[in-house]
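Below is one structure, written out as structure tokens, with a few remarks after it.
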Amino acid sequence: MEGPLSVFGDRSTGEAIRSQNVMAAASIANIVKSSLGPVGLDKMLVDDIGDVTITNDGATILKLLEVEHPAAKVLCELADLQDKEVGDGTTSVVIIAAELLKNADELVKQKIHPTSVISGYRLACKEAVRYISENLIINTDELGRDCLINAAKTSMSSKVIGINGDFFANLVVDAVLAIKYTDIRGQPRYPVNSINVLKAHGRSQMESMLINGYALNCVVGSQGMPKRIVNAKIACLDFSLQKTKMKLGVQVVITDPEKLDQIRQRESDITKERIQKILATGANVILTTGGIDDMCLKYFVEAGAMAVRRVLKRDLKRIAKASGATVLSTLANLEGEETFEASMLGQAEEVVQERICDDELILIKNTKARTSASVILRGANDFMCDEMERSLHDALCVVKRVLESKSVVPGGGAVEAALSIYLENYATSMGSREQLAIAEFARSLPVIPNTLAVNAAQDSTDLVAKLRAFHNEAQVNPERKNLKWIGLDLVNGKPRDNKQAGVFEPTIVKVKSLKFATEAAITILRIDDLIKLHPESKDDKHGGYEDAVHSGALDA
């Protein structure tokens, strides 16, 4: 018989670790729970150097938390994944995952094997997604532009810009429609990254504006340069245009003093030749991420070109994509010679420096390859502008998803209530042991309407009971099928037809959040053993394994 292997750390197994994981997930969900819905509250997060962030965006809250527990980290990554994949629904996905875990833990405590629970959850998720696609989808073609505006307003309702929802919803829809392009397969695409969001504090929210073109928070390099260029040919450079200096450590021994002047002259000429090569191709707008010194600016002024220095690399890449330019980090080709060709230039109808709000901006209008748009946000202070930007990002992603999938579902807890009733009935039709797991899955979903009602200071028990009664009637009685659009009206505290009220969410937000939440719950549920290794102290001369050998723990 072998002796036990000495593990240099702590080990917890079975029910203890499962309960610990469920508790960790519940505590993460409790942090974001109160920020769900149109009347959700904000969180103030202060980091270790004192920077303050005020937000109610689930993904941002969880990103800024320093979470130690490994199971809690899974939920933080889950919110981040939902934010990257869909852009909205980050808070609800965490709440659903935590609730699924809590109910699964109850089943495991009743001696039902985790594998049965997992297969039941998978089946329930699959069935829920099928039910959404067959019964709850509203096609956007029949609703038109209003549908996009309503989806954007629903996304913004819980945010700081929700008060001016009508204004911002129109702005967001116009911005997304402005950047539409068709890919190789003929599918319309809406790259949200093509929309540049600039923030300027001061004035009111309502003075935010949408600009047709890419706005750069830069000015021309010299006052002598033209402020407007029509039929612009744009060169995008990722290096500095400055007098070439020899590298440190290079030693040149000169016997003739005149040679020193020649070296200095050559240093100037190298940069001059580069600029002449760029200008010879017809370039009249030069954007660079580095600096441009006065000597180089002189050549651009003489040529009547516009040069802009210290452009952000992110902006340069987007402009290159929109105008069809190539971003160059050097002019050297494979032979080691410096060349610049006209094919590397991007094209735009007009590049102009304008005074917008209180700042000078450079606008690149009607780019050749793709269209671009910019939004300038105004707000009382920096915290507000940052939160407005996050809210706008969510709304842009929602409108993009609606346009690409061409379908929406009713919001306000309608989908969760309908699925809860359907899955309860579906569970009773199952003869296998997954029945209990599907019933628990169904019991977990009303946590969303429940939390919405609690956050709105309404009687959640009463409201959710009424909501479930409506949905039960809709599924049992074919004549009253239209009751399936019933969701919560959180202002007046009663159920209402959310299809008529215009409370819409993209179908993909609901489908993905159900799938992601189920997968996260299953991932944590499968864990039955946690081995946490102790950090190896520097004083120890032996590692954990060596300690075990010396202590005789490994002897047979």
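Just so you know, glycine gets a Cβ as well, placed from its N, Cα and C.
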Original post:
Of GLY37, GLY50, GLY144, which one shares the ATP site with GLY89, THR90, THR91 in Swiss-Prot?
Top reply: GLY37
Original post:
Quick one: Cα separation, SER92 (ADP binding site) versus GLY37 (ATP binding site), in Å?
Top reply: 9
Original post:
What's the longest C-alpha separation between any two of GLY37, GLY89, THR90, THR91, SER92, SER158, LYS159, GLY412, GLU505, the listed ADP-binding residues, in angstrom?
Top reply: 15
Subject >> Pairwise Cα distance for GLY37 (ATP binding site)/GLU505 (ADP binding site) [Å, integer] >> reply: 13
**OP:** Please compare the binding-site residues GLY37, GLY89 by how many other CB atoms fall within 10 Å of each one's CB, and tell me which has the fewest.
**Re:** GLY37
